[in-house]
Amino acid sequence: MDRMDQPKHLGVTPPIALSYPTQREIEVTDLLVQELTAQGTFESEDESRRREVVLGKLDKLVKEFVYRTSKKRQLPEADAREAGGKIFTFGSYRLGVHGAGTDIDTLCVVPRHVTREDFFSDMHDSLINLSDVTELTSVTDAYVPVIKMKFQDIPIDLVFANLNINKVPDDLELRENFLLKNLDETCIRSLNGSRVTDEILRLVPSIPAFRTSLRCIKLWAKRRAIYSNVMGFFGGVAWAMLVARICQLYPNAIAGAIVSRFFRIMYQWNWPQPVLLKPIEDGPLQVRVWNPKIYHGDRYHLMPIITPAYPSMCATHNVTHSTKKIIEEEFNRAAEIADKVMVGTGKWSDLFAKHEFFSRYRYYLQIIASSNSATRQLKWSGMVESRIRHLISKLETVDNLYLAHPFVKGFDKVHHCATEKEANDVSHGIYNLKPTSERSGTDSSKSGNENGSNTIYTTYTTTFYIGLLVERRAVGSTSVHRQLNLSWPISEFTKLVKSWDKYDDKHMEIAVKNVKSTQLPQEVFEEGEQRPMKPRRKAKSNTTTTEHLNKKRKSDKVTDEINTTTMEQPNKKRKPDKVTDEINTTTTEQPNMKRKKDKVEIDGSNLESNKSVESTC
C-alpha cells in the first residue's frame with residue numbers, strides 16, 4: 001500500500017511504531033522465507049490447480065443440489081434453475097496461507113427454501129455416491145455443523161447456510177449485515193467464517209507481510225502441538241486474528257519483525273483483556289454479540305479473541321486453564337528464540353522444533369473410542385474428540401493435579417482380530433495382537449485367522465491422550481502418599497459421550513485408562529524418536545554410601561535426580577521446573593507394593609460398572 005493511501009490507523013488503538021524495515025529485519029525476513037520454503041509450507045502449482053478444479057466441481061454439485069430441492073418444493077422449472085447456490089471459501093485457503101495437504105474450509109450458501117436437513121441428507125447422499133469422495137462424515141451436532149470429506153484426496157470441510165432470499169446468484173457477496181436478517185444462530189455462525197476471513201484481509205495494512213507472518217505462526221503452532229480449537233487451544237482463525245493485530249500495531253513492518261514482536265507481545269498480553277481488530281459493532285438484528293457485561297458465559301472466556309465481522313464472537317471459548325498455561329509457556333519459549341534470531345545468535349529452524357508431549361509427562365490418560373466400521377468410527381471418534389475439553393475442565397478440579405494437557409489429535413488404528421475377546425481387549429487398550437495397522441479401510445473379512453476360520457473381527461480405534469502434571473508437594477510436607485482421584489471426571493465424561501443421540505452401545509465403546517510414559521505405544525513416536533525408558537535400579541555396592549548419594553549424576557533422568565534430592569536432602573530448596581515437577585510421583589497400579597519414594601495414586605475405581613469403561617488403577 002502506498003504511504004499516501006494508508007488510513008490514519010487500523011485497529012482499536014494507534015500503532016506502536018511506524019518505522020520502516022531495517023537492513024537486519026530484511027535479512028531476517030529473507031531467512032524466514034527460506035526456512036518456510038525448506039519446511040514445505042508452500043504447495044506446488046499442480047496441487048493449487050487441482051484445488052481449483054475440486055472447488056469448481058463442488059460448486060456445480062451445490063447448484064444441482066439446490067435445483068433438486070427446488071423441484072421437490074414444487075417450484076416452477078425456471079425458478080428452480082435460477083435458485084442458484086454458491087460455494088465460498090474461508091480459513092487458510094481464503095487467506096492465502098494454505099500449504100500442501102491442508103484442508104479447504106468451504107461454505108455452501110443456498111436460498112431460503114433449502115433447509116439444513118436437506119443439506120445433511122440429500123447433499124450428503126449425492127457426495128457419498130461419488131468415487132472422488134472418501135472419508136465422508138456428517139457432524140450435525142457440532143458448534144458449526146459440518147460435512148467432512150476428501151474430494152480427490154483434498155480434505156474439505158463443508159458448512160451450510162440458507163439466506164432469507166429467493167435465489168443465490170454467482171455475484172453474491174456476504175459483507176452486508178442485512179443478509180443475516182431472520183437467520184438462526186447456526187446459520188449466522190456458518191456465515192461468520194467467510195465474513196470474518198474477508199474482514200481480516202480488509203483490516204491488515206500489508207497483506208504480503210501478514211501472509212508470510214501467519215505462515216510462520218501456523219507452522220510453529222502445529223509443531224508445538226497447540227493448533228486445535230476443539231482441544232482447547234487456538235484454531236486457524238484465532239491465530240490469524242492475533243497476527244493481524246500485530247500487523248496493525250506495526251503497519252510498516254515486514255514478516256521477520258512482525259513475528260519477533262508477535263511472541264513478546266502475546267506472552268505479555270494482559271488476559272482476559274480481549275484481542276480486537278476493530279470496535280465491536282452494535283447491529284439492528286436480534287443476534288447475540290460478545291459482551292461479558294451482558295452475557296454471563298462470556299465472562300469465563302480466559303483468552304478472548306474476538307471476530308471482527310458482525311455479530312462479533314469469541315473464537316477461543318474452548319480455552320481451559322490448562323491449555324492457557326501451555327500456550328503462554330510456548331509464547332515465552334518462542335519469544336526467547338525469536339530474540340536470538342534477531343540478534344544473529346539463533347536460527348528460525350529452532351522455532352519449529354517438534355513438541356515433547358510424549359516425553360514431557362510421567363502419567364497420561366488414554367481415551368479410546370472404538371467401533372466396528374470405518375464409517376461409524378469417523379462419526380463416533382469425532383464426537384468423542386469434541387467432548388474432550390469437557391473432561392479437561394473436570395480434571396482441573398482434581399486435588400493435586402496442576403495441569404491436564406490434551407494432545408491435539410487422535411491416533412487411528414485398524415485391528416484385525418481372530419476372536420471376540422481380542423476385539424474386546426483392543427477396544428480397551430490391550431494390544432496383544434500382531435495384525436495391527438494404520439487405518440486403511442481395507443476389508444480383511446476374506447482372510448482366515450490362525451484357527452483356520454474365515455471370521456475376522458475388525459475393530460477401529462481412535463486413541464486420544466491427556467498428559468497429567470502433578471502439583472509439587474507443599475514446602476515442609478512430610479506426606480509420602482498422595483492420591484489423584486479421577487473417578488468423577490472420567491465417569492462424567494463417559495456419561496456425556498454416551499448421551500449422544502447416535503450412540504450405539506452394541507457397536508461403539510469408550511474406554512479411559514491411565515498409563516505411564518514408559519507404557520505409551522510405539523505409534524505415538526516418530527521414527528528415530530527416543531521413547532521414555534524405565535529407570536534402572538542401582539546395583540548394590542560396597543562403596544561409601546555418602547559418596548555415592550552425593551555424587552551428581554548428569555546422565556540419569558530427571559526422575560532419579562529429583563527423587564534423590566527430595567529424599568536425601570529434604571531441607572534443600574528445589575529449583576522451579578515447570579516441565580518435570582511431576583517426576584516426584586509413582587503410580588500405584590500395584591497398590592500392595594512397598595514404595596520408598598513419594599507416590600501418587602491415580603484412582604479411577606469408582607467408574608461405572610459398564611465394561612466399556614476401564615481404569616487400570
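Cβ from N, Cα, C; glycine included.
Copied over from TrEMBL, here are the features:
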- PHE90, GLY91, SER92, ASP103, ILE104, ASP105, ASP157, LYS218, TYR227, GLY236, VAL237: ATP binding site (BINDING)
- ASP103, ASP105: Mg(2+) 1 binding site (BINDING)
- 225-244: transmembrane segment (TRANSMEM)
- 431-453: region 'Disordered' (REGION)
- 521-617: region 'Disordered' (REGION)
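Sequence features annotated in TrEMBL and their locations in the structure.
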residue : record                : Cβ contacts under 8 Å, 6 or more apart
PHE90   : ATP binding site      : ASP105, THR106, LEU107, GLY193, SER194, VAL196, THR197, ASP198
SER92   : ATP binding site      : HIS98, GLY99, THR102, ASP105, LYS218, GLY236
ASP103  : Mg(2+) 1 binding site : GLY91, ILE154, PRO155, ILE156, ASP157
ILE104  : ATP binding site      : ARG51, VAL54, LEU55, THR89, GLY91, TYR93, HIS98, ILE154, PRO155, ILE156, ASP157
TYR227  : ATP binding site      : LYS218, ALA221, PHE233, PHE234, GLY235, GLY236, TRP239, VAL408
VAL237  : ATP binding site      : GLY91, GLY193, VAL196, THR197, ILE200, THR307, ALA315
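Cβ neighbours within 10 Å of ASP105 (Mg(2+) 1 binding site), excluding its own Cβ and spanning all shown chains: 25.
Within 10 Å of the C-beta atom of ASP157 (ATP binding site) sit 18 other C-beta atoms, taking all shown protein chains into account. The binding residues for ATP are recorded as PHE90, GLY91, SER92, ASP103, ILE104, ASP105, ASP157, LYS218, TYR227, GLY236, VAL237; their greatest pairwise CA distance is 18 Å.
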